[in-house]
Structures are given as C-alpha cells and as structure tokens.
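Asker: From TrEMBL, here are the annotated features:
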ACT_SITE  CYS2  active site, for GATase activity
BINDING   ASP98  L-glutamine binding site
BINDING   LEU231, ILE267, SER341, GLY342  ATP binding site
DOMAIN    2-185  domain 'Glutamine amidotransferase type-2'
SITE      GLU343  site 'Important for beta-aspartyl-AMP intermediate formation'
Amino acid sequence: MCGILAVLGVVDNSQLKRARIIELSRRLRHRGPDWSGLHSYQDCYLAHQRLAIVDPTSGDQPLYNQDKTVIVTVNGEIYNHKKLRQGLSSHQFRTGSDCEVIAHLYEEHGEEFVDMLDGMFSFVLLDTKDKSFIAARDAIGITPLYLGWGHDGSIWFASEMKALMDDCERFIPFPPGHIYSSKQGGLRRWYNPPWFSETIPSTPYDATILREAFERAVFKRMMTDVPFGVLLSGGLDSSLVAAVANRYLAKSDAARQWGSQLHTFCIGLKGSPDLKAAQEVADYLGTCHHELHFTVQEGIDALEEVIYHIETYDVTTIRASTPMFLMSRKIKSLGVKMVLSGEGSDEIFGGYLYFHKAPNKEELHQETCRKIKALHLYDCLRANKSTSAWGIEARVPFLDKEFINTAMAMDPEWKMIRPDLGRIEKWVLRNAFDDDKTPYLPKHILYRQKEQFSDGVGYSWIDGLKDHASAQVTDAMLKHANFVYPENTPTTKEGYHYRTIFEKLFPKNSARLSVPGGPSVACSTAKAVEWDAAWSKNLDPSGRAALGVHADAYKDAVDTKISEANNKSL
C-alpha cells in the first residue's frame with residue numbers, strides 16, 4: 001500500500017511550497033517506505049510514498065504516459081493490468097507497474113475508464129495539456145482517500161487526513177466508487193452495480209458459481225513480486241482465503257519466486273479462541289504458520305499510536321485495529337510486505353450474529369447493502385491503515401467486484417438464518433466449500449460460529465479495555481459528555497477515552513465529522529437495532545452483545561433477559 005498527496009491550484013508555487021508538500025508527504029511515509037516521488041507542474045503537485053509490491057525496481061511514482069503530458073499518483077493494485085495493456089498495443093509503457101495502465105487508459109478513453117479497472121485504488125491524474133485533473137477511489141473504498149480545500153482555493157487529495165489537517169480549511173472522506181472531475185466541477189458516481197439500489201434480487205443460489213467466483217478473486221490477488229502471506233484467525237472467512245490460496249499457490253507466479261509453502265499469521269492473547277483455531281487450520285493445510293502473542297497491557301500502551309494511524313474514534317474499529325496493528329509490526333519484521341485478509345464476508349452474507357434476528361429476507365438484504373456501503377468507514381479503514389502503519393499491503397478477496405455482484409444477485413432467502421433447516425450464518429458460503437471429495441477445511445472449522453476479530457483474539461482484551469477506560473474516565477466526565485462532545489457524543493467510558501485521544505491528535509471539526517456514529521449492537525447499523533427490543537438496552541459492538549445468539553454472550557445481560565422472561569411468565 002502506498003501514500004499519495006496531490007495539491008492542485010495553489011497560489012504560492014515557490015520553493016517553500018514545494019518543501020511544504022514534501023514535508024506533508026512524509027507524514028504518509030509509513031504507508032510507502034520504499035521510495036518517495038514528487039512531480040510539480042506550475043501550481044500543481046503530485047507526491048507519492050511507495051510500497052513496492054509489483055515491479056519493485058522500475059515502478060517508482062508518479063507515473064506518466066509516453067510523452068509525460070499525463071501524470072498520475074496511485075495507491076493500490078490493478079489486478080487486470082496485463083489484460084488492459086493488451087488493448088493498448090499502440091501505447092509505449094515505461095515500467096512493469098500495474099498502475100501505469102491508468103495514464104494510458106485515460107489517454108485512450110478520457111475520464112470514462114475507471115470502471116474498466118479491476119482492483120483496489122485511489123489515484124489523482126493531472127493532464128498538463130489543458131491542466132485538468134481527476135481523482136477516483138475504488139468501488140468499495142478498500143484504499144483510503146480524503147478530499148480537502150485550502151484557503152487559497154486549492155484542492156487537496158491524500159491517503160490519510162493527517163496530511164491535510166494543518167493546511168486545509170475543510171476535508172472529507174472521498175466517497176467510494178466516485179470520481180472527481182475538474183472539468184465537470186465535482187464528484188460523480190462511477191460504480192453503479194445492480195445491488196446498489198437495494199432492490200431485492202431473485203437469482204437462485206448456485207454453490208458452484210459462488211465458489212468459483214471466490215477462487216478467482218483469491219487467485220488474482222496473489223499477483224506479487226514480494227513475499228506474501230495470509231492473516232488467519234481460524235474463523236470461516238480467513239480460513240477460506242487461506243485454503244483457496246494454498247490450493248492455487250503452486251500455479252501462481254509467486255510460487256516460482258518465493259516457494260510453494262504458504263505463510264499464515266495469527267495474533268491473540270495466550271489461550272485465545274483464534275490461536276487454537278488458526279493452528280488447527282494451519283496444520284490441516286500444511287502452511288508455515290506464525291503464532292504471535294500480545295498482552296492486554298501491550299495493547300493498551302499502543303492505543304494512542306493506533307488511533308493516530310487509523311484516524312477514528314469508533315470503538316469497534318479501535319478494538320480490532322490494535323491487535324492487527326501489533327501483528328503487522330511483527331509480520332513486517334519477518335520480511336513480508338503483502339497479506340490476504342478476510343474482510344467483507346460478513347457484510348455480504350449477513351454473517352454478524354445480529355442477523356439471526358433479521359425479520360425477513362427484504363430487511364436482511366437491505367441491511368447487507370447498508371453494511372457494504374459503509375465498509376470504507378469501518379473494516380476497510382481498519383484493515384488498510386492497521387497494516388499500512390508498518391508498510392504492509394492488505395488485499396481483500398471478498399470485496400472483489402465480480403464476487404460481490406455474484407453474491408448480491410442471490411435471492412436473499414438463501415442468506416436467512418434458518419435453524420429449522422440447519423442453516424447457520426453464512427450457510428451459503430459454507431455450503432459452497434463443503435466438498436467431501438476434496439475438502440477445503442475440516443467440517444467443524446467450516447461451520448464454526450462467527451467470532452468478531454476483537455473477541456476472537458481473547459475475550460479479556462475487550463474486558464481489559466473497558467477496565468482501563470473506567471480508570472481514566474470518571475462518572476462526572478461521562479455525565480457531561482454531551483457538552484464536551486456534542487457531535488457523536490460518546491455513551492460509554494471506553495468511547496469517551498478513545499474520543500479524548502482522537503481530539504488531541506486530530507482537533508479539527510472536519511476530523512471528528514469524518515467518523516460515523518449511531519447505536520449499534522454486535523456491529524449492526526442503527527436500523528437493525530430495531531430487530532430486537534432487548535438490544536437497545538445492551539448497545540455494544542462486540543459479538544457477545546448478540547444476546548441469545550453468541551455462545552458466550554455477556555453473562556449479566558443474558559441473566560437479566562432470562563429473569564425478565566421468568567417474571568413475565570409469572
């Protein structure tokens with residue numbers, strides 16, 4: 001993963017301004033420690049911090065078209081770049097970088113080429129022939145991008161808001177699936193899949209089509225010229241990523257460079273559920289497995305650094321980002337620069353435990369659509385920024401455009417959780433990989449209950465965070481939270497503590513408004529809280545807040561619910 005910064009239309013284009021752009025770009029160097037680049041043209045600057053994954057020797061950025069009239073700075077990977085190059089036979093390429101194709105596609109097709117890209121990306125492109133520019137972000141928002149405005153009328157784009165907050169009067173998250181065009185004067189959506197309207201689909205479930213679409217998604221993400229691995233928690237999603245990658249590794253170009261044994265990584269408190277399950281999957285697949293440990297205190301000590309890197313005060317995101325941040329540091333020390341990860345499956349298939357309470361297929365489908373649309377603010381942000389903090393790139397096969405279209409075209413009746421039919425959460429996915437002849441995974445792993453990452457690393461992790469926050473935040477502080485933080489007022493001491501750290505690091509109003517809010521239970525949207533009246537009394541993003549569903553639901557809350565039911569029966 002790389003870091004990009006683009007500033008267009010500045011009034012001051014002196015050497016001092018160039019030095020300032022370089023200084024701000026350095027704030028993104030953790031994302032791309034391999035090389036730095038800057039191109040300036042009159043009052044426009046395009047800067048880049050590179051993490052070299054494909055063509056490490058010659059793919060430095062910014063990148064250009066043949067006559068260098070088109071300049072582009074890109075963060076991401078274009079998995080179909082070789083196929084796209086075949087359609088650009090008259091163009092002369094300078095590097096083997098997968099991202100160089102963007103400059104040539106623009107030259108050939110103008111601004112309407114973005115939907116041709118299969119990958120994850122954020123980029124800014126400058127056309128010096130007419131001094132126009134465009135910026136675009138991938139369909140789901142796997143890669144981060146922010147848009148800002150300077151006092152002098154300049155427009156700014158950056159991978160992280162820390163590069164904008166001192167020099168922009170206002171900034172916002174760049175919306176996924178959109179393009180900004182200076183010619184048209186604003187944002188427009190380029191990604192318009194059928195599911196986006198939330199119309200209820202009716203395509204019958206086909207296990208083979210679903211499985212093959214996912215296998216293609218994993219295989220294309222094994223495009224790399226550097227060592228890679230898989231983040232393996234032992235849950236369904238990461239285990240399927242590891243199983244498919246392991247099955248196809250020998251056929252990949254990566255195997256010829258780095259060998260045919262897959263590396264897998266897991267982190268947790270000693271004795272945690274994830275560590276045990278991950279080791280079992282790794283043993284079954286025969287991977288070179290790396291079990292990493294952390295303590296509650298080590299996680300607490302890292303909180304401020306984590307919040308600085310992930311740029312949010314959302315409780316769920318911080319809980320899950322901290323172990324991922326610590327794991328990424330250890331992975332980097334082993335020489336690995338790219339990992340595959342399992343984000344996105346729960347949103348697509350209704351895998352969170354609160355989906356057990358979905359009243360009908362219509363509401364289930366609409367909730368999955370809402371969850372996918374919000375991924376850039378939660379799991380995509382976490383996966384990208386937690387790993388990029390240490391110069392590691394995370395790729396997410398479940399968020400492949402083709403795979404999402406396949407899964408979201410399915411009649412949502414098949415995604416409904418139906419104990420009477422033996423269907424647990426994500427049954428359609430589990431069933432697609434339930435192969436008795438050539439099994440992908442052991443049955444009990446394939447049908448393991450959903451465990452959120454922040455829970456699976458060890459239940460005492462969240463309990464420890466709550467205890468730590470309680471020691472930092474008094475009852476009086478929480479009571480008056482709405483006066484101190486009128487926007488997105490924290491409702492718990494844990495949330496208040498994170499907000500205090502965030503405000504110290506990112507004091508501007510634009511920063512606090514970049515973080516979503518609203519009630520949630522077990523990672524639900526505010527709308528889905530309405531599915532169970534008891535949830536409104538137990539608003540916690542942990543999976544254990546799914547009362548009556550999670551096998552280790554919060555005991556006090558469960559006891560209260562049972563007591564209330566008994567009193568009613570009396």
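Cβ from N, Cα, C; glycine included.
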Asker: When the Cα of the residue listed as 'active site, for GATase activity' is compared with the Cα of each of the recorded positions ASP98, LEU231, ILE267, SER341, GLU343, which one is closest?
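Answerer: So, of the listed recorded positions, the one sitting closest to the residue listed as 'active site, for GATase activity' is ASP98.
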Asker: Quick one: Cα separation, ASP98 (L-glutamine binding site) versus SER341 (ATP binding site), in Å?
Answerer: 21
Asker: In Å, how large is the greatest distance between any two Cα atoms among LEU231, ILE267, SER341, GLY342, the listed binders of ATP?
Answerer: 15
Asker: Could you state the whole-number distance in Å separating the C-alpha atoms of GLU343 (site 'Important for beta-aspartyl-AMP intermediate formation') and LEU231 (ATP binding site)?
Answerer: 10
Asker: Across all the protein chains here, work out how many other Cβ atoms are within 10 Å of the Cβ of the residue listed as 'active site, for GATase activity'.
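Answerer: There are 28 of them.
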Asker: Give the number of CB atoms, excluding that of ASP98 (L-glutamine binding site) itself, located within 10 Å of its CB.
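Answerer: That number is 25.
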Asker: If you skip the near sequence neighbours and keep only those at least six away, which residues in the chain come within under 8 angstroms of ILE267 (ATP binding site), Cβ to Cβ?
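Answerer: Looking at Cβ-Cβ distances below 8 Å from ILE267 (ATP binding site), excluding near sequence neighbours, one finds ASP274, LEU292, HIS293, PHE294, PRO323, MET324, LEU326, MET327, LYS330, VAL457.
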